[in-house]
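Over in TrEMBL, the protein carries these features:
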- 72-259: domain 'ABC transmembrane type-1' (DOMAIN)
- 74-96: transmembrane segment (TRANSMEM)
- 103-127: transmembrane segment (TRANSMEM)
- 133-150: transmembrane segment (TRANSMEM)
- 181-202: transmembrane segment (TRANSMEM)
- 238-262: transmembrane segment (TRANSMEM)
Amino acid sequence: MDALLSNRKALFGGAIMVTFLLMALVGPCFVQDPKGFVGLPLQPPSLDHWLGTTGQGQDVLAQTVAGARSSLSIGLIVGFSVVAIGALVGTTAGYFGGWVDDVLSTVINVFLIMPGLPLMVVLAAYLPPGPGSIALVLILTGWSWSARVVRSQALSLRRKDFVAAAQVAGERPLRIIAVEILPNMTSLLVSAFIGATNYAIAAQVGLEFLGLGEVSAVTWGTNLYWATNDAALLTGSWWTFVPTGLAVALVSFSLVLINTALDELGNPRLRSERAFVQALGLRAISPDEPTPVVRRPS
């Protein structure tokens, strides 16, 4: 934990993510009704409406804040579900091997080779519109990658001495997986969760932007959908889509920073190189200096 708190990427990314989580939890209590008509359509930012109004006369700030709750909720739910399914399928295939591994690996490979975006579009078009349908589509199209990565790690861990000792002691396979194998995948599962959450938020926004979600709901994707529907680009009404686009970009950026920081802490090679450079107090010379070497500061 101390190493994580001392990592600048983790601190910066975590600060951004916590800000958006707080905005999603308590932000709607401090803004106007996101569906209410509060002014003339397509009004630029002003003292009355800090981020302007939409093509329907709704407050852009209220819609951006309210949209965070739905988008982040679906992202976190999908991220957890994808990792849970991937961990279950991957560890089962990797630990038992044999025909179990053959069957599950075939299923994983089938989902991996399916084109993700067309499949998401087709499923979202035929399912009833709503956040539940979007979440189901994202889970169905996203779990196979986690399962493949977890299976590879489980194949390696099942050959370890502590797993063999548990088998000799007569431990049940379920307990070996839950107590011996999964805890040794913590960093991998956390990294997979962050990546899946990032994927889910971006994919949800993309599907709703195409009009495949519930367009009457207030989410980041529907905000962009209505901005396009109101010809915001043609009219120069940048304030109807820039705040939502910036929010999506910042959340994605924060998750990438956190994932990178965890990779640095969990990868012994990256951690040792970083600690070695910090211990020696070395710095790389600037591009303007003639000789490309690493030297001690004077």
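Using the three backbone atoms N, Cα and C, a Cβ is placed for every residue, glycine included.
Keep in mind that this is a model prediction, so the values were computed, not measured.
Against the transmembrane segment (133-150), stretch 74-96 has more CB pairs under 8 A than any other of 74-96, 103-127, 181-202, 238-262. Residues 104-105, 107-108, 131, 134-135, 138-139, 142-155, 157-158, 173, 176-177, 181-182, 185, 189, 192-194, 196-201, 204 of the same chain, all 6+ positions outside the transmembrane segment (74-96), place their C-beta atoms under 8 angstroms from a C-beta of that stretch.
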